[in-house]
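Step one of this worksheet: look at the structure below.
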Amino acid sequence: MICNNLVNYTSETDIDDRYGDLDSRTDSDIPEIPPSSDRTPEILKKALSGLSSRWKNWWIRGILTLTMISLFFLIIYMGSFMLMLLVLGIQVKCFHEIITIGYRVYRSYDLPWFRTLSWYFLLCVNYFFYGETVADYFATFVQREEQLQFLIRYHRFISFALYLAGFCMFVLSLVKKHYRLQFYMFAWTHVTLLITVTQSHLVIQNLFEGMIWFLVPISSVICNDITAYLFGFFFGRTPLIKLSPKKTWEGFIGGFFSTVIFGFIAAYVLSKYQYFVCPVEYRSDVNSFVTECEPSELFQLQSYSLPPFLKALLRRETISLYPFQIHSIALSTFASLIGPFGGFFASGFKRAFKIKDFANTIPGHGGIMDRFDCQYLMATFVHVYITSFIRGPNPSKVLQQLLVLQPEQQLNIYKTLKTHLIEKGILQPTLKV
């Protein structure tokens, strides 16, 4: 028995020694990914042909940035549903860019089912998260559709069954001599899902709290990217971090002050309009999303006493602000001080795999992930901030949940609530005849 075990152990060791080099590649062994082709429009190339590469890149980035901002404004005008589709599209593209890097790096091994399983897991995770959103925010709509009731009632079980199917397919796809490498790629897929799908789901959750919770954080990160680049381009002298040699302290500090000021002003402008401050709700009677409400105190002007040194400087005792403007300072500070670390993380990732950009989707900018690496970190912070300091009970959501209950359950809740209000003296007890 001992001899048999020894023989088996020896044979397995021989296999590991023989093929161990396939799974023990160092950073220097990682094959270089060929540089992406230049997708800059020919008309821009001709117009900027006389400039140095530094200024040519500056103009290309500037023109494309203005174009993207203009399209973003158009989508905001088109409403909440289009913003959700935009978030979903960005999520899918970011996932594609990261998975493609993994596929390019390890394609020499010809691993089976890697890309197929990666996209399958993406569909499963999206089905789970967006199904939860539908059940949470569109309960009255689901109640009217008998086909959806079964899917919603057993949503989590169906999601788990779909994931198990993918898990079993992965186990069946394991190939001798490549086990470790395949598990690397399995982990690669799941970390990519964590970065893209869960974060984009949080972005949509923030959007449902009110478009202002979506726009101010996102625009603050965009502002920080632009102003830090401009300050660094014109005044940058002191390197900030080795991961990104072009990032400078001048750009980092200039971006911080610019972003805080921008966030404060943007919060003031957006707080005036119901379209931006009201929670996004689905109205079954009109079969569409609506943003109509009585703005909360967070979006109503309040008077604040000024500190002594500001009283002397501004020659006034008080100042009128929207409370959300104070919260915007916290959001902008995070966007400019902590948000860039998402970009530094992405820079380290790209250096590890010897690539300049995630893709060449946007001329002068790289891939979609290159532009949204800081946004995902920001989305998590905003969600945590809302749940910790802002969010209270949502009567509309509670009402939607009550409407899907059985009549007997609704009556029991009505009687319990009526008794509670009578005990608190809010309602007068009915007289028995």
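Here the Cβ of each residue, glycine as well, is placed from N, Cα and C on the backbone.
With a threshold of 8 Å between CB atoms, the same-chain residues lying at least 6 positions outside the transmembrane segment (58-90) that come near it are 40, 44, 48, 51, 126, 200, 203-204, 207, 211, 214-215, 222, 226, 229, 233, 280, 289, 291, 362-365, 368, 372. Residues or ranges marked as transmembrane segment by TrEMBL: 58-90 (among others).
The feature transmembrane segment is assigned by TrEMBL to 111-130 (among others). Long-range neighbours of the transmembrane segment (111-130) within the same chain, counting only residues 6 or more positions beyond its ends whose Cβ lies under 8 Å from a Cβ of the stretch, are 88, 92, 95, 99, 102-103, 155-156, 158-159, 162-163, 166, 169-170, 173, 175, 178, 181-182, 185, 189-190, 192-193, 197-198, 201.
Per TrEMBL, the feature transmembrane segment maps to 150-172 (among others). Same-chain residues lying 6+ beyond the ends of the transmembrane segment (150-172) with a Cβ under 8 Å from its Cβ atoms: 113, 117, 120-121, 123-125, 127-128, 131-132, 134-135, 142, 182, 186.
Below 8 angstroms of C-beta separation, residues 84, 87-88, 90-91, 94-95, 98-99, 102, 106, 111, 114, 117-118, 121-122, 125-126, 129-130, 133, 170, 214, 375-376, 379-380, 382-383 of the same chain, each at least six residues beyond the ends of the transmembrane segment (184-204), sit close to that stretch. Taken from TrEMBL, the feature transmembrane segment covers 184-204 (among others).
Within the same chain, residues 58, 61, 65, 69, 76, 80, 83, 203, 246-256, 258-259, 262-263, 266-267, 270-271, 275-280, 291, 299, 324, 328, 331-332, 335-336, 339-340, 371, 374-375, 378-379, 381-382, 386 sit at least 6 positions outside the transmembrane segment (210-236) and bring their C-beta atoms closer than 8 Å to a C-beta of that stretch. If you look up TrEMBL, you'll see 210-236 (among others) marked as transmembrane segment.
Per TrEMBL, transmembrane segment is recorded for 248-270 (among others).
Positions annotated as transmembrane segment by TrEMBL: 324-346 (among others).
Long-range contacts of the transmembrane segment (248-270) within the same chain, counting only residues at least 6 positions beyond its ends with a Cβ under 8 Å from a Cβ of the stretch, are 211-212, 215-216, 219-220, 223-225, 227-233, 235-240, 276-277, 321-322, 324-325, 327-329, 331-333, 335-337, 340.
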